[in-house]
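Shown next, in structure tokens, is the structure this report addresses.
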Amino acid sequence: TIINVKCTSPKQCLLPCKEIYGIHAGAKCMNGKCKCYKI
């Protein structure tokens with residue numbers, strides 16, 4: 001899931017992704033936007 005959160009590193013995406021997927025969240029930063037996935 002790509003969310004509308006700007007990022008320069010995956011660490012910036014982890015908290016917003018955890019809000020969606022909980023403790024099983026994975027986060028990537030792609031093209032300046034956060035991508036969340038379930039692990």
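Keep in mind that glycine also has a Cβ here, set from the backbone N, Cα and C atoms.
Here Swiss-Prot annotates a disulfide bond for Cys13; of Cys34, Cys36, the partner residue is Cys34. Here the candidates are Cys17, Cys29, and Swiss-Prot names Cys17 as the disulfide partner of Cys36. Between Cys7 (disulfide bond) and Cys34 (disulfide bond), the C-alpha separation comes to 6 Å.
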